[in-house]
Structures are given as structure tokens and as C-alpha cells.
Amino acid sequence: MYIDWVKKMKLIRVKDYEELSKKASNILASQIILKPNSVIGLATGSTPVGMYRALVQLYKNGDLDFNDIKTFNLDEYYELNSANPQSYHYYMNENLFKHVNIKERNINIPNGMRKDIIEECDRYEKKIEACGGIDLQVLGIGRNGHVGFNEPDIKFEARTHIVELDHDTIEANSRFFESYEVVPKQAISMGIKTIMHARKILLLANGMEKAEAIYCTIKGKITPEVPASVLQLHPDVTIIIEEKAALMI
Ligand SMILES: O=P(O)(O)OC[C@H]1O[C@](O)(CO)[C@@H](O)[C@@H]1O
């Protein structure tokens, strides 16, 4: 492990995915131990799967208690219901929630099935506020530098909203679906402003295909073309980068 600071961002370089997952779960576990009623922002995608596995293990060993934890997920596909195995509701249940003692009423994920989507986005934002804001937000990163589903050219001032997914994102995520055609083309996502309001941010990057996005996020100019680059302006960001994702920095 190698720790570095670039423009106020704390970079933790790790040798492989296992170390990334362990390190990320330890950071989350410290947050939960130090503040048992923390509000945690959660991410989906393949990258945090190992972190969730490690958190479940800590819980099973009796080292972690989710009883007072509240969670808010970053995003959900539009018009996929929670019983659909491709939905992020389903993913979260399978990877974390059903294995730990979190209370159902403390779990928050945007509801892509609501008829009035604008109202749903508004409700989600208000709920985050009512819970006192997010203490620690976990993020993955897309090949195009997206965070949550905030695609390139997003408005930095956006809050939770409905987004049109990029071709690149649909293509990347089609590995979880039968084909490109059946991947939803829209999603509800926390906006950049919502993410930037979190007190702490933990970004995880794994694999060569993230190397360019990570380079632009850390060393590039701050631009809506690389949504994650805005994190340079956040006062408390930790990025855990596996060796191949760190190739360009
Ligand atoms: O971890 P993965 O599967 O590479 O996904 C990266 C990003 O893409 C998304 O899955 C959305 O496309 C995000 O939720 C995630 O942060």
C-alpha cells in the first residue's frame, strides 16, 4: 500500500482488488464504529462487491453493527422494479442488506417505478436532508468518468434527477443484461451537488479500463466532461486505486 496526496485528495494505491476491498471495508467500518448512526451513501457496479463481502464478514464476526445505520444509494435504473435481478435494489439486497442487521426503514434507494419521477427525485433529496446529510459517500467511477449516473456534460449543480445514459455506460453495463438492447436507457441518480454535499467521499477504482478516467479525475482540469473531476473541489476525498487503474498517475 502506498499513500499519496494530490490536490488535497488522499490517494491510497493498492496492489490488487482484494486489498482495495479490504481497505474500503475498513474505512466504512471505522465510520460505522465511530458514529453508529451514520448516514452512508452507497454505490453499485462490480467494484464495491468485494467491499460489501468484507463488510458482511465483519458483521458476522460481531465486529460491526448496522442497527442504527441509514443508507442512501446513488442511483437506480428507470422502470426496473426491485424484484428485477438487474435492479440496484436487488443488487443491494443480495450483496449487503439481507446479510446484516440494517433496518428496512433505514434503507433508501431511488424508486424508478414511481409515475411522477420528478416528485420521486425531490422526495429523495428531501429525505437525505431530513436525515442530516450523508456522512460518507462511496463512489465507483465509469470508464467515461461518470459518478453515480452523472454522465459527461452533466451540470455540476444538479441534484437527484432523471438521466439519459451514455452509449458507453449502456455498453459497459450490458454485461449484466442479456443484451445491449434491454439495458434501461434512463436512470435516477443523485446529482453532483448531492454527492458534493457528503461530508466525506470514498472513490474506488479497479482495472485498466478506469486508468484514463482516474488520471483525468485527479490530474486533469475540472470539467463537466469528466464528472468525477469535480471531486478535486471536495475537502475530504479518499481514492483507493488498484495498480492497473493507477497506471497513468
Ligand atoms: O464498478 P463498475 O461495474 O465498473 O461500475 C462503475 C460505475 O458504473 C456504474 O455501475 C453505472 O454505470 C456506477 O454505479 C459505477 O460507479
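From the backbone N, Cα and C atoms, a Cβ is placed for every residue, glycine too.
Here is what TrEMBL records for this protein:
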DOMAIN    26-232  domain 'Glucosamine/galactosamine-6-phosphate isomerase'
ACT_SITE  D75  active site, proton acceptor
ACT_SITE  N144  active site, for ring-opening step
ACT_SITE  H146  active site, proton acceptor
ACT_SITE  E151  active site, for ring-opening step
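Location within the structure of each feature annotated in TrEMBL.
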{"residue": "D75", "record": "active site, proton acceptor", "DSSP class": "strand"}
{"residue": "N144", "record": "active site, for ring-opening step", "DSSP class": "coil"}
{"residue": "E151", "record": "active site, for ring-opening step", "DSSP class": "coil"}
Item to check | C-beta crowding around H146 (active site, proton acceptor), within 10 angstroms | outcome: 26
Checklist outcome for this item: Quick note, N144 (active site, for ring-opening step): same-chain residues at least 6 apart with CB under 8 Å of its CB -> E151, P152, D166, D168, T169, A213, V226
Item to check | Nearest-integer angstrom distance between the alpha carbons (Cα) of D75 (active site, proton acceptor) and H146 (active site, proton acceptor) | outcome: 12
